[in-house]
Amino acid sequence: MAKKARQRISYVLELPNASPGGHRLGVNGLAVDRDNAILYSGGRDGVICAWDLNPDLISSSNGYSSVVDNPTPRANGRAKQATRFRAQTQAHTHWINDIALAQQHSAVVSASSDLLVKVWRPHGNDAAEPATIGQHADYVKCVAAPHQAMSWVASGGLDRKIYLWDLAGGGKTLEIDVSGEEITEKGSVYALSVNPSILASGGPESIVRLWDPKTGKRITKFVGHTDNVRAILVNESGDMVITASSDQTVKVWSVTAGRCMHTLTMHNDSVWSLFSDDPELGTFYSSDRSGLVVKTDVRGTMGEMDNGLSVAIAQENEGVSKVVACGDAIWTATSRSSINRWQNVDTSVDVQLPESYKQHRASIVTTRSRESSILSIMPNSGVNGTAKREIPARSILRISNTASFPPAINKDGDDSSVSISRKGSDIILPDQVVAAIEPVHHLPEETIEGQFGLVKHRLLNDRRRVLTLDTAGDVLLWDLVKCQPIKSFGKRHLEDIEPEVNTLEAVAPWCSIDTSSGNLTVVLEPFNCFDAEMYADELTLEEPVEFRDDQRINLGKWVLRYLFANLVDEEIRRDEAYRQKLNETAEKRMAAGRPKPSMAISIPSSAVWGQLESTSTTPRPNGFHYPPMTPGMAIGSATPGPPMPSMLEGMTTPLSPLDKRSSHVSRPSVEKEDYFADAIHSPDLPGQVAKPAHTPGSEPRPSEDKPLKPPNENGKDKEKDKDKEKDKEKEKEKEKEKEKDKDKEKENGKTTGTHFGKKFRMNMSFGGKKLGRSASSAAAEKPAVVDERAEEESESSSNHEKEFEDNFYGVIQKIHSDYEKQLLDSPDTLIESRICPSLPNDTPVLKLPPGTKVIIQEETSGGSAELYRGTVETVGADADIIERRGPRWLGEVVLLNQIPPKEPVKVSFVLHPWRDTLPSITVVDGNNRLNANRMLRVKKILAYVAERIETPPADGDGTGDEGGDEEGKALTKALKPEEYLELYCNDQLLPMTMSLATLRAHVWKGGNDIVLHYKGNGRKEIPFPPPEAAEQAAGPETNGGLVTSLVAAST
């Protein structure tokens, strides 16, 4: 089975006082539904908004209002509000780059940097959630829809592909590769336009390509632009294409002639957007990076576009990424979260123009379209019969460098010869000046206000808190674990607040922060999200939880446990239902084989009770049988190597498989070589073997099948056991001889010598190793009888275990497989639950906001693709989706409390006494270089120092001096090492709770071994040991194995 791409988990924190109705970041896409009077907008926050428009705006009698500042009712100097918020949806997790309307304006199609193409049907029953209809391998930059009756759309992106998608969810219907001819990377698609017969695309290659949308074959290409092609329009008949480019030009191409017919130069900056609601593109709108919005009318010019009219409508403060128009209104989108509506300008034949331009235009315009002829009946009347005002001469732009009008402006500023020449390449004569552009409108008629989104962040040293700055200038402090804001600092500089709230800590990176969508998004990657820990005594919890000394909390596991808390509850419920069915079969089998009940009551033997107690090692989902305390996080636990012995392993990872757990519980772990684990379990004797821990409340049993015996019979039992062992050894020797005889008979031809037989015998030898028994013990228990069918079944079952799905459901499959295996092995035993999430003493309870968004993404070559999106509240209801799309490692963490194994980061250091005021801990070979886990605290190092430098009592009881002060001795003896010892680095006293990682990052500030000095504070006198005792203390077998706690690294 092919391995899936790496998946990651993200969660989005809710902004305070969040309410629907407006974008939080800039707007990139606009579309108008004329039939229903709705404006749609797509923003960089991933949101699509729908706005109800005033029907009068899009249904005026002549399609346009009077030219300049029609005296409409105003409030506070601004136009009366005509737009109301209708609805919105969080369609994407990244920028929306473009939107388009399709299927009679009933579908809103969006293209996003999250690689997805989605369709939202705001008028249908499923309006709440957009559906994914396609996916690219990189950012999707544009989307275009043909005629409203068509059922497909086209999208293009940075993956150099154009896809046609079925709006009904049928997936990809056509793929077009547009890789650059000379430079492949320049084939990215930034602009797209389509009608039923032709598809046009453009991008950084500066070439416009035409394609057949039915076959995907290239029709032709247009070469002429010198920079990125940013916008394209195709007329309804498919014989004319208009393109806008970053080279500051708008070009008109003839598909029939296959060449550029006109180059329009009314802009003096990169042209970003084009729009036209005229099927034949007689009028169109354009906008550029400087914020200028231009309307161009070339109707009636008989193909001579130099004689057309270009008018500067408005000037925005930022570059206009999108412009749309309908009726009396023009809407512009910029990098701000608000949308401005401007009053449209009438450019028909009866428009009021400056006298000189009117005479020039009358001399060249000999005919007009049918619509213009009808409108010319009322040359001096506006929409409601009001007189139209004249277009200012400074608002008329020179449409191209070859246009004959307007001429240059004279120095005397005579209005009869007004001209605007904006191209920097034009030659300006000494008696000519370049006039500044004066747009028709200086203020928008209405502003659709947006909201404030996050634009900047600073992750603090503890990596649990983050400072953010929004578009309003407000600074907010967040808690990434509790998923909520902590404090607002108002309108201040982020850099000024950071030193006030930062702490002196060094925590391993466990998450990344993203504010590109205006929200605070926390991203968890499987390779590092379990690297960071914090000490439990640093927590501030609403409900008190009993922790052991120096217990640490894994931040990644803690957050995931409660992001998916409802999912865990749902999986436990499903697991109970699944086990109930299996246990019903077992109960029926047990009832069928059970004898008739007798009248007498028999009391079970102690062995039976012991067997019942053994089930306490199996953790339950509710934690009833789970040990209340996890093992200590002393120095020993700071260096994970092999798992900790016996039951302690079950405590730290309570959801390891049952068969492994029982094997550890049933025998002492003698092959463990973890230094810190040995230190925990052998504090008294250097060579002591760690004993298997047992569940509190239950006593360890000497044998699984023998009842406990009184202490006075132990001596007799030992003698009997010795005799039995001798008898068993004799029986084993006899069995070995029998086996040899059987092997000889098989070699003489009594067995078939097929390839299968050889393979079978080989498998048998490996099977013995898996069981962990020697050949003699196996023979003693049961003769080696070959059962080929059983061997085939076991082999097939072992192969089947490797075929679990590589997703969240694969963990559930493994659990179910274990249930079935247990049912086959022990059909008369009820099945216990294998689901065991972490408990509150490992991951304290968090009450996360229910609206916190939870996202599962998959890594692709161009970014990350969304697989699932829900909330903390809905993850339980979406269990089926998460099971199929969620990563397997997530299931292991939240259901089995197992995190991926990883070697811990260690820090090397050297310990010296301060100016030789205390005994040295240098070993015999002179090597005092140590290393330990980066989270080890200063007080643990001092505890190690105390163990190494203090002289043990002469008589072992500390009562040798009868005349001493017993109270003083008791007081001195009760002091902890951190109470009478101090640790210094670079002459700086170190706090007892400082970790080695923090010490290296903020105090030592170097890459070599940290040099530490320890000294006493005078509260306890530590004498220098005599030379013989010093030599003995320097040996490797001293202090009950604590030498292994801090590993003496080789130089």
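Even glycines carry a Cβ here, placed using N, Cα and C.
In TrEMBL, the region 'Disordered' annotation falls on 1024-1051 of the listed ranges 44-71, 576-603, 1024-1051. Away from its own ends, the repeat 'WD' (133-175) comes close to residues 97-105, 107, 109-113, 115-119, 184-185, 187-196, 199, 201, 203, 211, 213, 216, 860-863, 865 of its chain (Cβ-Cβ under 8 Å, at least six residues beyond either end). DSSP states for the repeat 'WD' (20-54), grouped as helix (H, G, I), strand (E, B) and coil, give 0 helix, 19 strand, 16 coil.
Mean pLDDT for the repeat 'WD' (133-175) in the predicted structure: 93. Here the repeat 'WD' (89-120) has, by DSSP, the following mix of helix, strand and coil residues: 0 helix, 20 strand, 12 coil.
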